[in-house]
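*Asks:* Have a look at the structure that comes next, please.
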Amino acid sequence: MKTFEGKLVSEKPIKIGIVCARFNEFIVSKLLGGALDALSRHNIKDDDITVAWVPGAFEIPLIASKMAKSKKYDAVVCLGAVIRGSTTHYDYVCAEVSKGIANVSLNSDIPVMFGVLTTENIEQAIERAGTKAGNKGFDSAMAAIEMVNLIREIEK
């Protein structure tokens, strides 16, 4: 039986696109820091990383799609923070950004990672941006490396 498993060490360079939402930038900058830390620790060079900032989480899927279609990247990491407020806006944004990123992932030949926090309050977002619940930007970048290597292994 043949088993495929992604690795965190790559024989070939990996080019990563990162899409960051500027809304809740205080949180998103921590997610980006985590993602860049993960990539650096796994020998991804700065020249192989491109970061694009969009106004908010709702705009992430469009730019993720443009990056994926450009064929310049092996993976795209999407980072944002949607925090519940007192209106239903949160529900709509969460649903659409989730669907949008999933659609980009399914309709492109590269991994598109979901690193968008969807939290009830600012405390939960802070916890997931580098404190007691880890850093979801770091986790998303690690998953991107693993998925790129898994795809390369399957396509050998």
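Cβ atoms are placed via backbone N, Cα and C, with glycine included.
From a predicted model like this one, the values you see are computed outputs, not experimental measurements.
Sharing the feature lines straight out of Swiss-Prot:
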ACT_SITE  HIS89  active site, proton donor
BINDING   PHE23, ALA57, PHE58, GLU59, ALA81, VAL82, ILE83, PHE114  5-amino-6-(D-ribitylamino)uracil binding site
BINDING   SER86, THR87, ARG128  (2S)-2-hydroxy-3-oxobutyl phosphate binding site
*Asks:* For THR87 ((2S)-2-hydroxy-3-oxobutyl phosphate binding site), which DSSP three-state class applies?
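*Replies:* Where THR87 ((2S)-2-hydroxy-3-oxobutyl phosphate binding site) sits, the three-state DSSP reduction gives coil.
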*Asks:* Rank the binding-site residues ALA81, VAL82, ILE83 by how many other Cβ atoms lie within 10 Å of each Cβ and give me the one with the fewest.
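*Replies:* With the binding-site residues ALA81, VAL82, ILE83, fewest surrounding Cβ atoms within 10 Å: ILE83.
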*Asks:* About how far apart, in whole Å, are the alpha carbons (Cα) of PHE23 (5-amino-6-(D-ribitylamino)uracil binding site) and HIS89 (active site, proton donor)?
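*Replies:* Cα-Cα, rounded: 14 Å.
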*Asks:* In terms of DSSP three-state secondary structure, what is the assignment for PHE23 (5-amino-6-(D-ribitylamino)uracil binding site)?
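*Replies:* In the DSSP reduction, PHE23 (5-amino-6-(D-ribitylamino)uracil binding site) maps to coil.
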*Asks:* In whole Å, note down how far the CA of ALA57 (5-amino-6-(D-ribitylamino)uracil binding site) lies from the CA of SER86 ((2S)-2-hydroxy-3-oxobutyl phosphate binding site).
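*Replies:* Cα-Cα, rounded: 18 Å.
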*Asks:* For ARG128 ((2S)-2-hydroxy-3-oxobutyl phosphate binding site), identify the closest of the recorded positions ALA81, VAL82, HIS89, judging by Cα separation.
*Replies:* ALA81
*Asks:* Using other CB atoms within 10 angstroms as the count, which residue among the recorded positions PHE23, PHE58, GLU59, SER86, HIS89 scores least?
*Replies:* SER86
*Asks:* Return only the integer: C-alpha distance in Å from PHE114 (5-amino-6-(D-ribitylamino)uracil binding site) to HIS89 (active site, proton donor).
*Replies:* 20
*Asks:* Among PHE23, ALA57, PHE58, GLU59, ALA81, VAL82, ILE83, PHE114, listed as contacts of 5-amino-6-(D-ribitylamino)uracil, what is the widest Cα spread in Å, to the nearest whole number?
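*Replies:* Binding-site diameter by Cα atoms for 5-amino-6-(D-ribitylamino)uracil: 16 Å.
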*Asks:* Please report the three-state DSSP label of ALA81 (5-amino-6-(D-ribitylamino)uracil binding site).
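*Replies:* In three-state terms, ALA81 (5-amino-6-(D-ribitylamino)uracil binding site) counts as strand.
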*Asks:* Taking the residues SER86, THR87, ARG128, which the record names as binding (2S)-2-hydroxy-3-oxobutyl phosphate, find the longest CA to CA distance and state it in Å to the nearest whole number.
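*Replies:* Looking at SER86, THR87, ARG128 as a set, their Cα atoms extend up to 23 Å apart.
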*Asks:* Tell me, if you would, which residue among ALA57, PHE114, ARG128 (binding-site residues) has the fewest other CB atoms within 10 Å in the structure shown?
*Replies:* PHE114
*Asks:* Let me check the 10 A CB neighbour count of THR87 ((2S)-2-hydroxy-3-oxobutyl phosphate binding site). How many other CB atoms are there?
*Replies:* 8
